[in-house]
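Asker: Pulled these features from TrEMBL for this protein:
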type	residues	note
TRANSMEM	7-31	transmembrane segment
TRANSMEM	51-76	transmembrane segment
TRANSMEM	88-105	transmembrane segment
DOMAIN	109-385	domain 'NADH:quinone oxidoreductase/Mrp antiporter transmembrane'
TRANSMEM	111-131	transmembrane segment
TRANSMEM	143-165	transmembrane segment
TRANSMEM	171-188	transmembrane segment
TRANSMEM	200-227	transmembrane segment
TRANSMEM	233-257	transmembrane segment
TRANSMEM	269-295	transmembrane segment
TRANSMEM	330-349	transmembrane segment
TRANSMEM	369-391	transmembrane segment
TRANSMEM	412-432	transmembrane segment
């Protein structure tokens, strides 16, 4: 009962925070304003140490998505983690992670940003080793060491910022240095699992499924990409670094997509899908599609976290087996979760009128019109084929004749958390609304000439196909 009230308390706090953040998001977006708050703590060497918060359309919308997913995770984790004795310990770790992520998103002072960044890596380690078996401890140690490498890069970056600019505020630097830019890029690549820092993400699936839904699909792995967008005013000044990021992101996306079609572990397949999308977002950012990359990052966080949670529901019916070949057996008594899973998969495929379509397809369209060579676009569209193939496997195995595992248990088909998942799936339709165009930070005329021309062309192609 104590666990129930703890989850209820934190759900209330997170959901009220989500509503406030949603209101702030609409205000900042429609009024086209930026809110900057700064509190001076002390001064040293004639420099001020400030706790500063920066709220623009990017930070408030990302905060809104984080709080929405976290609210649903609070309900979901209460049911999923109920059999475990350390559920309160798990709850406090989860909330500490959310707090660290909000620091990374909203802080503009590099020192406090470093504290949040370090907190992400440290708390994620304790969450990965939660089950305390050999597999989780090995995966947790590897993830921790990879995050320590990123933290070392970040510490060097902060030192160089202070040496060159004598300031630790994110947006106060106008000068550029090749060393600063390189260390900044490598810092963010480690957290977002861009090659060669990508092996830790599939290993991190040793964590409980609620953590995979929160940490390894929508928050931790996108923190690096988000800060790339934050530091775009510096990174875009180096054409060579953007070419390097493009090549590494393309390889990451292709390699992850190719491996996912041979993977039979459900969570690792979704993790490789996440890795493929991270590379896709990195490519979009490297060619200058900043707003579109950000919008796809938001929509991907929604439908990928939904996919993780619905798979967790199904795996409970499989005695926590993660073998995709038994998928139809686990789906037998979870019709609501299966319906939400199909919505998530259709978003992943880019089905028209869903948010995944408006973000993913538009990025592909704009990249096709960019300066990218035909070889790069060919590899990119081959990677799209990989996405269709492994999502086809999910559909294929879900409709196979039922294979029952020994000692298989079935839980209730409908509960509070499945209703929350269903309501959250509606957000994928909300983000497909044309009224959400202000997230792109584009004028209305640009939106009408860009997005709706693409949509109209695809609608005509669909009609011609069916007629």
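Glycine residues also receive a Cβ, built from the backbone N, Cα and C atoms like all the rest.
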Asker: Go through 88-105, 111-131, 143-165 and flag the stretch with the largest number of C-beta pairs under 8 Å relative to the transmembrane segment (200-227).
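Answerer: So the stretch in question is 111-131.
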Asker: So which residues does the transmembrane segment (269-295) touch in its own chain, when a touch means Cβ under 8 Å and the partner is 6 or more beyond its ends?
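Answerer: Same-chain contacts beyond the ends: 58, 62, 192-195, 198, 201-202, 204-205, 212, 216-217, 221-222, 225-226, 228-229, 232, 236, 242-243, 245-246, 248-254, 256-257, 259-260, 263, 304, 307-308, 311, 324, 348, 359-360, 362-363, 366-367, 370-372, 380, 383, 386-387, 390, 393, 439-442.
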Asker: Sort out the residues at least 6 away from either end of the transmembrane segment (111-131), same chain, that have Cβ-Cβ distances under 8 Å to it, and list them.
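Answerer: Hits for the transmembrane segment (111-131): 49, 51, 86, 90, 93-94, 96-97, 99-104, 137, 139-141, 143-144, 147-148, 150-151, 154-155, 158, 168, 170, 191, 204, 206-208, 211, 215, 219-220, 223.
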